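According to Swiss-Prot, the features are:
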- 48-68: transmembrane segment (TRANSMEM)
- 86-106: transmembrane segment (TRANSMEM)
- 119-139: transmembrane segment (TRANSMEM)
- 150-170: transmembrane segment (TRANSMEM)
- 184-204: transmembrane segment (TRANSMEM)
- 218-238: transmembrane segment (TRANSMEM)
- 250-270: transmembrane segment (TRANSMEM)
Amino acid sequence: MSDNAAFKFGSFDYICEHAALVVCPMLGDQQGMAPTCYSRNVQLGSQIIFQPATCILHIAALVMATIMLLHVRSKYTAVGRKEIVLFFYMYIWVELFAIFLDSAIIPTANKVYPWFAAIYAGSVGALYWCLLLNGFVGFQFHEDGTPMSLWFLRISSLVVGAVCFGIPVATFKGTSSSMSPTNTVGLFITYLVFPCVCVLIYFISQMLLVVRTLDDRWVIGDLLFMAGFYIAGVLLLVTFSVTICDAVKHYVDGVFFSTLAFLFAVMMVYKYWDSITKEDLEFSVGSKQAVWDVKDPLLATGMEYYEDDAQSAYRGAGGSLVGGYNGNQYYGNQPGYAQSAYGQQGYGQYGAGGGYGQGHY
């Protein structure tokens, strides 16, 4: 790697000179590529931990991603719930790998490091592809949450991940003249260009979705913050990393701030999704109380209802729907039907003396 290398498409010379990327130790000559300034190391026993501040940030990202994942899973009827859950699972997977690779818990000289770095690169590609497809869920080209939607997302992400895994392996091993540690165009496209394209398409698709279908324009702010954090993370990583590292005396570098910016971008993705999805309370199993508003005037405040009003029609206090009499008025407040029904109404004038013989007949 030449000193003060200029940026060139397809080349990692400039980028690896400024930032400690996972793939840089496998590129270039026999010694790999290393940044001109990187954060201090910490020794824990016999283990040297590289990028300690960044590792702590990765752990914090795992905690935050878990919290967001649990919140997403609690919205049982939200649109695109299962699809965005897969995105957060993949983000957690990527962060787990980043802890072991950024910290050099898996040493760069170890024979398995190229394979883990390739798995990490493939997982990153699959993660951004999953984000891109989540951007089209809101357009309802096919129903979300169905086996077709989920399996298409899973299989396509697996295919993209396999491609983004195979290209680094071929590059690290130098399987051909077009893919070698010194010819990195394919890796440059899959590892750096492809994620940026996915974020751009996601941003444009969501802006169209908000403008065309939603009344709430406040969610545009979430998208703008997401894009801003992502762009800031890229710039901090590939442009200002050395400047930051020198300014803070090697305590942190651009990798730390770019990881933080990417975490904020993921949090904005969650915030945006949470803002545009509404839960159907009829099928919600949440623990919130008094979520229903009483609209029926019969149940409104001021209308008293007593359990005693539900008595039998023969002894109750309420009026009958027939003739305007209640049970006590109609049956003379007597305990039985046979004893009072004919004695209180028209038949009583004939039956009081014991039979029909004393009547008008």
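The backbone N, Cα and C atoms fix where each Cβ goes, and this holds for glycine too.
The model shown is predicted, which means the values in this text are computed figures rather than measured ones.
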Open item on the list: Can you see whether the transmembrane segment (48-68) and the transmembrane segment (150-170) are touching - at least 3 CB pairs under 8 angstroms, only pairs 6 or more apart in sequence?
Closed with: no
Open item on the list: Six or more residues beyond either end and a Cβ under 8 Å away: which residues meet both conditions relative to the transmembrane segment (250-270)?
Closed with: 18-20, 35, 37-40, 51, 53-54, 57-58, 60-61, 64-65, 68, 71-72, 84, 87-88, 91, 98, 102, 131, 222-223, 225-227, 229-230, 232-234, 236-242, 244
Task: Non-local residues, at least 6 beyond the ends, that sit with Cβ under 8 Å of the transmembrane segment (218-238) - done: 14-15, 18-19, 196, 199, 203, 206-207, 210, 244, 254-255, 257-262, 264-265, 268-269, 271-272, 275-276
